[in-house]
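Quick look at what Swiss-Prot lists:
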BINDING   3-17  FAD binding site
């Protein structure tokens, strides 16, 4: 089958790779000059297979008024009459209940566990694929006793779904990650997950791209973003780029937030809105792990919604969720918040990186659905497939989403239930 995949971020390029491995004739279309240059470029770097609790949780609405009044709030909302934002917001509010949050957790865990299995299979089959992968575990630290109690309850629920997680006291947390010693008075405890990973998402995109380049059944079209989907009747015929139309038997839309603009004229609404996130990448000193002030274990500050991941000789600091429209312009105030929070939690790491010199501030537009569950599967247009809406979990869920979509396109029974990720759900 001739299949065109739109988008070469981690979701799109994983999809193209999975389809090419099955022998399809694959054309990968991307507006940027290279792979992984959008939201996949400098994300948080955490492969959080067990920590998938949705933003739309039962207690989140009570925090929103306070968040909106804080300069350093983990969530920022720009007042707007944008009907897309209003519709997204109403759906988000409707999802902020225990029943829906538990269901979302189950659905995301099923996809993330499958994604981990496929990532491990990829690494086993490609030992020379270098993307700074490391399994060091993850600590989610809490500053508030009530929030920590809620997290412990979530651990109990996720244990019934196959997750291995442990609640640690503040002292146990610091024993697990000594770089947190300076925050002893600020944290009350943490949830530790031993089998979580870190890696460089952009490096993996480049590695998969290089493998695609070597395959005879793959064509690559970069600097050639899809301007529209070519549909006749209710059947897809291909995509139209600025340079040429590309015919196809099937088209997969995996273009992040840009997917909304492609699908809108067809009146297909996967419920996407960009959650803008930020990162800095701090070069670490020559002392090595344990002496450069940076954590070895991945750390998430639950209250601040900021993650810290050691990726090679870099400390990636990323986070926040801004609902501020469709521009990826850097907000220097949000970047400064990342510096300030790093200085408060890991001051030695910031000093070791020469006070943040060459930290490459970055912003990315994470394509989020209101519930946090991506849309993976067919559309109402015959031959048009969707792989969109992974939010902050794109890196975590990419391999599983690609495998699920490959199963569905091949008309075979998928490895996991497909219904939770369908457009009509």
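Glycine residues also receive a Cβ, built from the backbone N, Cα and C atoms like all the rest.
Residue 5 (FAD binding site) falls within a strand segment according to DSSP.
Neighbour density around each Cβ, counted as other Cβ atoms within 10 Å, peaks among the binding-site residues 3, 11, 13 at 11. Residues within less than 8 Å, Cβ to Cβ, of residue 5 (FAD binding site) and separated from it by at least 6 positions along the same chain comprise 12, 15, 16, 19, 26, 27, 28, 29, 251, 252, 254. Counting Cβ atoms from all protein chains shown, residue 17 (FAD binding site) has 25 others lying within 10 Å of its own Cβ. Residue 15 (FAD binding site) counts 32 other C-beta atoms within 10 Å of its own C-beta, drawing on all protein chains shown. Neighbours of residue 9 (FAD binding site), defined as other CB atoms within 10 A of its CB across all chains, total 30. The Cβ neighbour count for residue 7 (FAD binding site), using a 10 Å radius over every protein chain in view, is 31.
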